[in-house]
Amino acid sequence: MKDKAYDITIIGGGPIGLFAAFYAGLRGVTVKIIESLSELGGQPAILYPEKMIYDIPAYPSLTGAELTENLIKQLSRFEDRTTICLKEEVLTFDKVKGGFSIRTNKAEHFSKAIIIACGNGAFAPRTLGLESEENFADHNLFYNVHQLDQFAGQKVVICGGGDSAVDWALALEDIAESVTVVHRRDAFRAHEHSVELLKASTVNLLTPYVPKALKGIGNLAEKLVIQKVKEDEVLELELDSLIVSFGFSTSNKNLKNWNLDYKRSSITVSPLFQTSQEGIFAIGDAAAYNGKVDLIATGFGEAPTAVNQAINYIYPDRDNRVVHSTSLID
């Protein structure tokens, strides 16, 4: 059965894609979001759900999880004209009569216009690289923290020396029974002030050590074996939970198959966010132009322009004058 053609398909379900979908709903068009991950929200939802964000207009501060929740709630007003496809990676798209054919790893979709809001691309955690690691993943071995309270009263070991590792250690200090940070260097890569707070805290610091093995029963890790760098000293750390904070690798590997113009790993766009292919637009971190500022707030501002241009492309003969939301929603 042929999929119906949506007015606008948004590639990427992060903050910018979600707001673009909301604004498209506000303009009365049908929208499909295609997201490669298993949930909406992008990096704020996956990488820093409990870290504070301070540069969203009208919010002195809010967490990545709160930002995602608010955007999804905002979009739900137009759920009757919005379709969301999760765990789908866009491979290619081609111009066809009446729009575009979009091929993913699961299906073929049809759309009259496309807005690319995939950020820096799909991302995956950098792992320990140890045998049996995958067996413990998402049971009591984590690559990001969704809820601090889940570690209450636990012995927590954190591997890493960057901002996230240090931030999680400080955040868990008063929640967990104990927190131990294992880093391969004596010096930390995190912000100096955070490192000062860490060294003055009750967090146990083990440097320079590297993980060598994991021991456990079933799907639960019980001990992390570490070895001192350039020495034979080996320690076994008992743990209830292990957080691996080595960062995430991003990949826009499929971007190069989309036959657009690029600047490094981003898509070159016009002042109206038109790509080199008519009917296809790009916003957020996926878009490149002179003076670009890579902030969520910037992407929020780009979204309405891209949506309006997409509507002008789809319906050139329609009265497409933009009106304020106060005139559209009671």
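Quick reminder: no glycine exception, Cβ is built from N, Cα and C everywhere.
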> In Swiss-Prot, the residues Glu35, Gln43, Tyr48, Val90, Asp285, Thr326 are said to bind FAD. Which of Phe19, Phe110, Phe123, Phe246 is said to bind at that same site?
Replying inline: Phe123
>> Below 8 Å Cβ to Cβ and six or more residues apart, same chain only. Which residues does that give for Val90 (FAD binding site)?
In response: Ile11, Ile34, Ser36, Ile102, Arg103, Thr104, Cys118, Asn254
>> Out of Tyr48, Phe123, which of these binding-site residues shows the lowest number of other CB atoms within 10 Å of its CB?
In response: Phe123
> Where does Gln43 (FAD binding site) sit in DSSP terms: helix, strand, or coil?
Replying inline: helix
>> For Glu35 (FAD binding site), which of the three DSSP-derived states applies: helix, strand, or coil?
In response: coil
>> Counting across all protein chains present, how many other Cβ atoms fall within 10 Å of the Cβ of Thr326 (FAD binding site)?
In response: 7
